[in-house]
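I have placed the structure first, in the form of structure tokens, so that the comments after it can refer back to it.
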């Protein structure tokens, strides 16, 4: 669903409608929230019945409509191109890129509230948008920011669980351990154990999701400081917003870094439901596992080299280029190094995408940030050269459907510029961000009563026999 259509008859909301021209010259109607209600949960409570009715109507009127054909390549190729999941919060178009509730990243940058005039969107605003389909006011975002801060206290046993691990354990291992330790606080599990109507499942899920999102920055920053800063943690600053406070607890207070963290968290929140982490969280959640269990599972998927770990590998690879060729690398030297990487059986990290067929808009907005704040940074200049060099080589190779850079090609360079140079930690930042998208969808999964997922699997023998019978 792009945006929720209308409000219930008893709605207390007052909306004003504005028009935003899209890149294609059309008109997109945005529903802007009034400040009449600052409570996110109460707004959801009014929206849910309408969307439940909408889903029932969709099933009753169109339940038998076919959505396409499945071929053997899809089954053997990671289910690419198969429509098999309802994911409300975002939609990924191969040519346009990601849209959050119908809004592109540039549109979000234009309409979502910011901390400073002309600055980057506040992640709290995107969280509101993902959950309600509506663009919030600054007052609503401020209220949500304060609510998350009020929920952010982390029990002592969580830190003890992390401390039980070797300090050399990968940051994602320590982070996921912290999330699992938070699970004993699950409101959903407590309510389910006492007996709860299915129609109310979304309510403790909402509590868990908001608590989880709120507590991740303290846990994540604790992991960072434990591994890289001799365990000297930094207390939260109650005057700061979500992303800025996260940056502060990590130890970075440069105003430009605060803006970068706001942009980073916002653009990494969600990327529809088919990617490994989102799909995993959705699948585990379909078993009525609580949000902590579901998100911990999602994090374990995110930690893989073909998913969230890629942003770590990009910076490592870029630094290896400099180590071999020097800082003043020429275009020809760069081409030679790219070919050397490919001929060794490796990939050039940060290029290509399983769905996108153009430059990732998340890459583009980070490039704009770099041009504005760090145009002379040597690593940024190298990334710019890679943008010119790599796509033609990958196209010449003829083995990739998308030779263009993705979000991971740029994020590490920006973080490194402001001093966050520990690439092993980057996936944790990704994980904190992704909690907003996965968590929002988990709430709607429970509100809409989506069922246990159980796709059909087959063996190679079954496929061989099926294909032979089909050809006969």
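Just so you know, glycine gets a Cβ as well, placed from its N, Cα and C.
Curation does not apply to TrEMBL; its annotations are automatic.
Since we're looking at a predicted model, the values are computed, not measured.
Residue 307 (active site): 18 other CB atoms within 10 A of its CB, across all protein chains. Taken from TrEMBL, the feature active site applies to 307 (among others).
Same-chain residues at least 6 positions away in sequence with a Cβ under 8 Å from that of residue 353 (active site) are, in sequence order, 360, 402, 404, 406. Here TrEMBL flags 353 (among others) as active site.
Residues annotated as active site in TrEMBL: 408 (among others). Remark: residue 408 (active site) has 310, 311, 313, 314, 349, 350 as non-local neighbours, by Cβ distance under 8 Å and separation of at least 6 in sequence.
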